[in-house]
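What TrEMBL records for 89-247 is domain 'Peptidase M12A'. Taken from TrEMBL, the feature Zn(2+) binding site applies to HIS179, HIS183, HIS189. The active site annotation in TrEMBL covers GLU180.
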Amino acid sequence: MNHLKELFAKRYNLTSVGKPENKEKSTSDGVLAGEEVVANENTDLSVEEINQREGVADYLFDGDIDLTEEQLEMIEASLSDSNHTRRKRQMDTLLPRWENNQLFYSFGPAMTTRFRTIVKQALAYIAGRTCLTFTESNTAPNRVNVISGSGCYSKIGMVGGVQDLSLGNGCDQMGIVSHEFMHALGSWHMQMRSDRDDHLIVDLTYVKAGYEGNFGKICKLSSWQDSDINCSDNESLFSDLPLKDIQ
C-alpha cells in the first residue's frame, strides 16, 4: 500500500510543505461525506490508530479499505499509465452494485450480542435515510460477513461472494459500523471524491508526512463513482448522528 500512496502523490503532485507548530494533530484516515472526525469514546483511538495497533494498517488502502488484488492492480496500472481509456472500462467492472439496492449480511460466530446489536442499529439508521434494504442471510451468495477481526475495515463495493467486514476491538461504535458498511456499499472517503475541490480545500500541512497520497482523487483515475443509492443524500446521511458516534 505504501507503493500505491507514492503513486498517488506522484500523479497529483501531492507534497507536504511542513506542518506549523501551532496546528493540531491531524487524523490521516479518511471520512465519508457528511461525517466528522472524533476519537473513539471508549478507546480514544481513531480507526487508523486502531488498525495500526492491530498491525493491519500497512495492508489497507486509505486507512480502512481492503482492496481486492484486482482493484489494487488496476489502480496501480492506471496511476502508472497515461492512457486510461481502456483501464477505465476495466475498473468499472470491479465495483458492481448490490442488486435491487439490497445488501445481504451475516455474522461470524465470534460476533458478540453487543456487536450484532450495534450493526443492526447502524443498518437501520442507513436504511431509514435511503432506499437501501439490509437483509440478514447465511446463504446469500453475495453478502457481507461481519467478523471479529483485527481492526476496522471493509471491502469497497460488492466484490462478489462472501466478503469480510471486520469490526474488532474498539470498533463497537455506530459511527464506525456505518462508515465501514458505506464502504461495502461502494462509497470512498470524502477527500477522494472527484468533486471535492468544489466544496473544500485540502490543506496538506495538516497531513502526516507519507500520507499525502491518501488525498488523490480516486474518480480521476476512472469513471468509478460512489454507488448510485437512489433516493439518498450521502452528504447528509450522517448529519444527525450524535457527534460522539461519528468516526
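Quick reminder: no glycine exception, Cβ is built from N, Cα and C everywhere.
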Within 10 angstroms of the C-beta of HIS189 (Zn(2+) binding site), what count of other C-beta atoms is obtained when all protein chains are considered?
24
What does DSSP call HIS179 (Zn(2+) binding site) in the simple three-state scheme?
helix
Around the Cβ of HIS179 (Zn(2+) binding site), the count of other Cβ atoms that are within 10 Å:
26
List every residue in the same chain as GLU180 (active site), at least 6 positions away in sequence, whose Cβ is under 8 Å from its Cβ.
ASP64, CYS152, TYR153, SER154, LEU165, SER166, LEU167, CYS171
